[in-house]
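Here's the structure we're looking at; comments come further down.
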Amino acid sequence: MDDPYQNNVYQQGTEGVGDNTYTHYGEGGGGQDGYGYQTDYPPQEEDAASDATEGHDEDDQMYEGEYQGIPHPDEIKAARRAARLAAREKAKAAAEGVREDEELADQYEGIMEDCGHGRFQWTLFAVIGLALMADGVECYVVSFALPSAEKDMCLSNANKGMLGLIVYVGMMVGAFIWGGLADKIGRRQCLITALSIHCTFAFLSSFAQGYGFFIFFRLCSGIGIGGSVPIVYTYFAEFLTMDKRGEHLSWLCMFWMMGGLYASFTAWGIIPHYGWGFSMGSEIQFHSWRVFVLVCALPAIGSLVGMMFMPESPRFLLENAKHDEAWMILKRVHDTNWRAKGEPERVFTVSQIKTPKQDDEFIEIQSSTGTAFQRWMVRTTTLIKQVMMNVMSLASADLRLTSLFMAIIWFTMAFSYYGLSVWFPDMIKYLQYEEYESKVKIFHREKVEHFHFNFSLENQIHREGEYIHDKFTNIEIKSVKFEDSLFEDCYFEDIKSTQTFFENCTIKNTVFYNTDLWEEKFIDCKLENSTFLHSKKGCHLNFQEENDILIYLVSFLGSLAVLPGNIISALFMDKIGRIHMIGGSMLISAGCTFFLFLSFSQAAIIAWQCLFCGASVAAWNGIEVITVELYPASKRATAFGVLNGLCKLAAILSSSIFAAFVGITKVIPILMSFSALMCGGLLALKLPETREKLLL
């Protein structure tokens, strides 16, 4: 007798075609929410009654929990029975499961060889390359905008540090989330959603006036773009043949370098031009750095538009038993490439493709008993459980050692690279600051009466001075400190200041009109009969930093130095192998860090930064290629997402640690970088070589 409750289980059915087995999920029609679940089988006439219901009134059999959307206990039992049956079938086929996976991998490789490498892959290369470029840009946006944003939003040192790290926090969360979802709901769909989130919140962040909104929008923007790296490499690799995979994935890495070049160039071209913005009173400011934030979203927008015309990965569709959809996409790839090569007469001859048996099951509430929200909750909960199970499977017996080695290599490489990426520009700024401080002018016990200060003051210290009946109007005051001084019957008007403080001063009968001098700038001062009129709220851009262009140039040269390493790794990735590329690059980079002990000038630091970036990029390329090749299709994006999330965690830790030692000592950052690179490089030599390995 048929189980009357079997319609609550997402059914599996097999259909023999030749020697191949296809698994179909709900292809006979779906429920109103898109989840196909079958009706009673075999189908019955509308007026007919089954043996189970004959002689009973339907009203008497009504389950009262149905009104509340609660599954019937028998429905749950039926679902559990089906799960146990699936588990037994899986255990029975465990021995031949590996062989089936290899059979599909071999067949898929042959199909991709028939499709050729041509226009389709190059178009996809450009589209998803922009997404990778957007990830590279995101790593620079805040650091370039921060010198201006901190004045625009009155950021404290603690807030500046948090803003610098929040992007990596978002990218870490995004990598984990989107990597896991890409293995369950599709590479293309996840990438489109992630890019949409990034573009939306990047746009909103450029208009956010307050620190709280700005940091929240940048966090959400980072969560969106965090999915680009794990999805892009997984997605593109599944359209490449074995002999093209290493080279073309390495070429794809160049887009990350282009992101750094794009951010550096646009920052240099936009941010110093403070007149490129507008303001509405003192409350709403839209300065040039906000224009820069908007422009940085353009690569992601371009990729998002292009992805609308790209298909889903056929390998993902085959893993999910969507044979017909995968076949149509493979035919499209085949026809696009051969038509572009002038051979339109070539026919796609593949008719059957092996599809693995599915293990996942969805438990669905009947549409007649559950609300739309309850059905959505069931599907969401099931999806989350499946993603978490996929993550946990990375620690299974056959993947445990590989995952451990890869986690250590990703972490050590990221710890050193991102830590030094922060340390280099911070050291240059510190050297600039020391040079600036050495030129400070000190005025001691000066007495100025009835004088009109109509010129800017910069890099000065005034101690025990007296200023009687003086005027300070329409000037800029930068890095000026007044200590133990007296201001009597003075007048301040239209003052813009930065790093300016009054300490232990006495201020009598003085008027401050339309200035940005507020209480925080008067430290232990005595104010007597002084008036503040029309004070400017918030902070305001005051000076075009003379050293900004050098900082942009440093980042630009560091990104450009990656180009030779990218070219070399792309040309030799398949010749010398992944593990030798990773190990050799990390060990050479470790050697480069020791020469940082000899860096005593800005020019020397810039030179060693370029050398380090050029040497380390080959390791990055090799790590990303081998990560794609070591994991099966059902876990590939998940593994990449977890490892990339770990990479961003290393970036957060190293950025904080290395920045703390700037101006104190350079021994600890250099030794930490050297140790991390040596450890990761030696361990990389223990990984299996994958250049002749099929994508499982």
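Quick reminder: no glycine exception, Cβ is built from N, Cα and C everywhere.
Taken straight from TrEMBL:
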COMPBIAS  1-14  compositional bias 'Polar residues'
REGION    1-60  region 'Disordered'
TRANSMEM  122-146  transmembrane segment
DOMAIN    124-691  domain 'Major facilitator superfamily (MFS) profile'
TRANSMEM  158-178  transmembrane segment
TRANSMEM  190-208  transmembrane segment
TRANSMEM  214-237  transmembrane segment
TRANSMEM  249-271  transmembrane segment
TRANSMEM  291-310  transmembrane segment
TRANSMEM  399-420  transmembrane segment
TRANSMEM  549-572  transmembrane segment
TRANSMEM  579-600  transmembrane segment
TRANSMEM  606-628  transmembrane segment
TRANSMEM  640-661  transmembrane segment
TRANSMEM  667-685  transmembrane segment
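Here the transmembrane segment (667-685) has Cβ contacts under 8 Å with residues 405, 408-409, 411-413, 415-416, 419-420, 423, 579-580, 582-587, 589-590, 593-594, 596-597, 619, 622, 654, 657-658, 661 of the same chain, all six or more residues outside its ends. Under the criterion of 3 or more C-beta pairs below 8 Å, with sequence separation of 6 or more, the transmembrane segment (249-271) and the transmembrane segment (122-146) qualify as touching. If you look at the transmembrane segment (579-600) against the transmembrane segment (214-237), you find fewer than three C-beta pairs under 8 angstroms, all six or more positions apart, and that falls short of contact. Contact between the transmembrane segment (122-146) and the transmembrane segment (291-310) is present: at least three CB pairs lie under 8 Å, with pairs separated by 6 or more positions in sequence.
Contact check: the transmembrane segment (291-310) against the transmembrane segment (549-572) gives fewer than three Cβ pairs closer than 8 Å, residues 6 or more apart, which falls short of the contact criterion. On the 0 to 100 pLDDT scale, the domain 'Major facilitator superfamily (MFS) profile' (124-691) averages 85 in this prediction.
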